[in-house]
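Undergrad: Annotated ATP binding site per Swiss-Prot: 159-211, in sequence order. Taken from Swiss-Prot, the feature Mg(2+) 1 binding site covers Asp284, Glu296. Under the heading Mg(2+) 2 binding site, Swiss-Prot lists Glu296, Asn298. The domain 'ATP-grasp' annotation in Swiss-Prot covers 133-327.
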Amino acid sequence: MKFAILFGGNSYEHEISIVSAVALKKVINQNLEFIFCDEERRFYHIPSEKMNSKTFSTKAYKKEKELFIQQGGFFSKGFLKENKLECECVINLIHGGDGEDGKIAALFEFYSIKFIGPRLEASVLSFNKELTKLYAKSVGVKTLDYTMLRKGQNSKEKLRFPCIIKPARLGSSIGISIVKDEKDLEYAKDVGFEFDNDLVVEEFKNNIKEYNLAGCVINDKFVFSIIEEPKKKEFLDFEQKYLSFSGHNELIEANLSEELKEKLKDSFKKIYNPLFKGALIRCDFFILDNEVYLNEINPNPGSLANYLFKDFSTTLNTLADQIPLEKMIKINYNFLHSINGQKGKL
């Protein structure tokens, strides 16, 4: 399978997406194409040998061939004709906005481009933490109780401390604050509202444990990664979450009973099916008093969570093989033909 990796985007996680693409290049041992989306949403074809941080930090990528998107794929302008970028499947590796909020999914679906990643509806529901909680509840998966704070509105609801405040529409740990008492609340709100107009507030639980599970559906069967127990801090910050996929953090496989492992997998299945078909996702769960709670859905996890799989390359290739393209509607204009000769025709 010939893959193209799409990365970058107009996102707070733009640089992390670059790191993720470089990391994935080292993991997938096959011929790859690299498509960089800059902050102005222009696409560039990056040669494999130039996939390094300097290419992007110095804006040297602007010297590379610019691509444009149209029906069936990415193209560049040639002397006499347009040249199509040869790839069989695009991996959506844009983290945060653009890649996870539905923009790229809509673009690919519109132009009939085969891709690994969440589709439009899945993107919308997983990118907004409030909608994620509502979706989880609808499929029978628990989440922690929460309160919403809206910019410009005075909430009359009494908050319990300590609490954790998160921007509703950010794909990572950006803008998150742990508030231990009321005197720190206004500052935390100001930080959160810098990134989003809606904030999710949850009671902070000291005795809670976090577990990560990635997977996908291939040929109607679930393929799961190992279950990871992240190193424990108050919460994983931006740098911690994304250095793990580059091999800088020690992977800790969770020491759980078979009963709890099955509970996690069952919750994952409820979240995934059928909404996330065609995507390899990671779900971050909490376990509290032997009950499983969904924390968040990562529809485009860092380097697609390769570090959690025993045979990541086979999983990725097999997933790509079975992704169908949306069937196009055939327009025959029969109705317009039928009224074409009538009096008072359109």
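Backbone N, Cα and C atoms are what each Cβ position is placed from, and that goes for glycine too.
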Undergrad: I need the CA-to-CA distance for Ile208 (ATP binding site) versus Glu296 (Mg(2+) 1 binding site), whole Å please.
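TA: Between the Cα atoms of Ile208 (ATP binding site) and Glu296 (Mg(2+) 1 binding site), the distance comes to 15 Å.
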Undergrad: Return the residue, from the listed binding-site residues Leu159, Val201, Ile208, with the maximum count of other C-beta atoms within 10 angstroms of its C-beta.
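TA: Its Cβ has the most other Cβ atoms within 10 Å: Val201.
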Undergrad: Nearest to Tyr187 (ATP binding site) in three-dimensional space, by Cα, is which of the binding-site residues Asp284, Glu296, Asn298?
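TA: It is Glu296, whose Cα lies nearest.
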Undergrad: Please report the Cα separation of Asp284 (Mg(2+) 1 binding site) and Lys166 (ATP binding site) in Å, rounded to an integer.
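TA: Answer for this pair: 15 Å between alpha carbons.
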Undergrad: So if I measure Cβ to Cβ from Lys180 (ATP binding site) and keep only same-chain residues at least 6 apart in sequence, which ones fall under 8 Å?
TA: Phe161, Pro162
Undergrad: On the three-state reduction of DSSP, what should I expect for Tyr187 (ATP binding site)?
TA: helix
Undergrad: If you count other Cβ atoms within 10 Å of each one's Cβ, which of the binding-site residues Glu194, Glu296 has the most?
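TA: Max Cβ neighbours within 10 Å, all protein chains included: Glu296.
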Undergrad: For the domain 'ATP-grasp' (133-327), what's the model's average pLDDT?
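TA: The average pLDDT of the model in the domain 'ATP-grasp' (133-327) works out to 90.
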Undergrad: About how far apart, in whole Å, are the alpha carbons (Cα) of Val201 (ATP binding site) and Glu296 (Mg(2+) 1 binding site)?
TA: 14
Undergrad: With an 8 Å cut-off on Cβ-Cβ distance and a minimum sequence separation of at least 6, pull the same-chain contacts of Lys166 (ATP binding site), or say none.
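TA: Correct list: Lys129, Gly175, Ile176, Gly192, Leu199, Val200, Val201, Glu202.
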Undergrad: Here's one to test understanding: among the binding-site residues Leu159, Ser173, Glu194, whose C-alpha is closest in space to the C-alpha of Glu296 (Mg(2+) 1 binding site)?
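TA: If we rank Leu159, Ser173, Glu194 by Cα distance to Glu296 (Mg(2+) 1 binding site), first place goes to Ser173.
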